[in-house]
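Quick look at what Swiss-Prot annotates:
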| type | residues | note |
| --- | --- | --- |
| DOMAIN | 90-176 | domain 'KRAB' |
| ZN_FING | 189-211 | zinc finger |
| ZN_FING | 222-244 | zinc finger |
| ZN_FING | 250-272 | zinc finger |
| ZN_FING | 278-300 | zinc finger |
| ZN_FING | 306-328 | zinc finger |
| ZN_FING | 334-356 | zinc finger |
| ZN_FING | 362-384 | zinc finger |
| ZN_FING | 390-412 | zinc finger |
| ZN_FING | 418-440 | zinc finger |
Amino acid sequence: MVSGLRLASRSGEEGWLKPAVARLGPPRHRLRNLRTESPWRSRGSVLFCSGPGRAGRAAEPLHPVCTCGRHFRRPEPCREPLASPIQDSVAFEDVAVNFTQEEWALLDSSQKNLYREVMQETCRNLASVGSQWKDQNIEDHFEKPGKDIRNHIVQRLCESKEDGQYGEVVSQIPNLDLNENISTGLKPCECSICGKVFVRHSLLNRHILAHSGYKPYGEKQYKCEQCGKFFVSVPGVRRHMIMHSGNPAYKCTICGKAFYFLNSVERHQRTHTGEKPYKCKQCGKAFTVSGSCLIHERTHTGEKPYECKECGKTFRFSCSFKTHERTHTGERPYKCTKCDKAFSCSTSLRYHGSIHTGERPYECKQCGKAFSRLSSLCNHRSTHTGEKPYECKQCDQAFSRLSSLHLHERIHTGEKPYECKKCGKAYTRSSHLTRHERSHDIEAGCSDSAYNPSTLGGQGVWIA
């Protein structure tokens with residue numbers, strides 16, 4: 001609870017004053033009154049609220065009796081020498097009035113509007129101070145020029161916990177570089193590892209720690225009471241709980257598909273309009289989502305920021321990295337409700353579901369053949385064109401599919417990533433391992449039969 005804030009005015013042509021700020025009172029006292037006069041006038045301005053022993057009593061007026069423009073409670077001469085502008089610089093902490101979320105909730109609408117008006121004028125004058133510093137070449141004494149000082153003030157406002165107090169204040173301050181980013185929703189803080197962008201530096205720093213595996217808030221301690229899923233923050237739980245409500249608040253006006261979040265429906269509507277506002281600077285390919293464009297750019301740079309700690313394999317996408325980690329742990333969290341088959345990634349489960357439904361939405365325009373996967377259709381098209389864009393660097397053999405090239409490269413490297421857990425035999429392809437594992441199942445179930453497992457393809461051959 002703020003018990004008082006006195007903003008000193010500036011007068012005279014020399015020096016800039018450091019505003020005097022009253023100390024914060026006990027936060028437990030309820031705010032009852034909030035008054036102000038416009039700050040930075042010829043008289044001292046007072047922003048006060050009632051507290052213990054201060055009900056309805058404002059601070060005493062200041063007396064501008066010194067030629068340097070300083071104000072004093074008592075009409076006595078200024079005994080201090082004229083201070084340099086560097087010593088009397090205006091500090092953001094000196095003029096900022098911070099309410100806790102509980103205190104802010106106690107204010108009525110008129111008090112909040114009054115507070116915003118005071119802070120808006122305060123910020124304008126702080127920006128003016130920064131401009132004056134620059135005009136007087138005082139920024140030579142600082143590491144940053146006056147322009148950056150003004151931006152620093154606004155940045156401090158943006159990073160405040162009480163966003164509800166400062167958000168509207170900052171957005172209405174003119175001639176500030178950060179103002180454009182705030183009002184348009186642009187995010188100036190970009191992660192150099194994955195390209196994800198954030199509004200605040202604090203969120204960016206927290207995100208960078210996630211790449212290193214460090215958890216600044218410890219383990220996930222906030223649990224969803226309905227499904228038992230854990231989250232690292234309360235907002236994460238609240239956002240997740242919306243999906244349990246079963247009542248999506250947003251609906252596509254074109255197809256009627258429902259969504260829980262506004263940004264989701266906006267992103268979905270681009271599939272109808274064909275809008276792709278995000279373009280790759282190198283090849284010009286366009287995307288509907290900014291994140292997809294950033295991920296695509298890694299195909300040009302070859303960047304693979306995600307590395308597996310078990311085998312050292314690197315990945316370009318976080319989803320591919322997480323799916324790969326499950327090959328080491330054996331985790332298959334996505335289960336089919338019709339046949340109980342489990343998968344390590346949701347995409348595989350979705351494709352598997354088309355087997356039961358028989359749905360094949362992707363059709364070749366040349367021959368009419370339909371596919372359940374878009375990637376399968378793309379691979380099929382190469383059979384019509386004869387194009388083989390994927391070429392092996394070691395033997396110059398070309399392939400129509402990228403996956404076929406990767407399988408071929410294992411011949412040169414000798415890599416056999418698919419290993420049988422029972423006998424240790426390894427294979428270059430997962431399908432070969434699956435065939436081999438069936439031989440163990442047949443041996444276990446038919447040990448009394450005349451069965452001879454053949455090494456050819458890992459399949460068993462019955463002897464008549």
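Keep in mind that glycine also has a Cβ here, set from the backbone N, Cα and C atoms.
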For the domain 'KRAB' (90-176), what's the model's average pLDDT?
52
Same-chain Cβ contacts of the zinc finger (390-412) under 8 Å, 6 or more residues past its ends?
379, 382-383, 428-429
Residue counts in helix (H, G, I), strand (E, B) and coil for the zinc finger (250-272), per DSSP?
11 helix, 4 strand, 8 coil
Taking DSSP states H, G and I as helix and E and B as strand, how many residues of the zinc finger (222-244) are helix, strand and coil?
11 helix, 4 strand, 8 coil
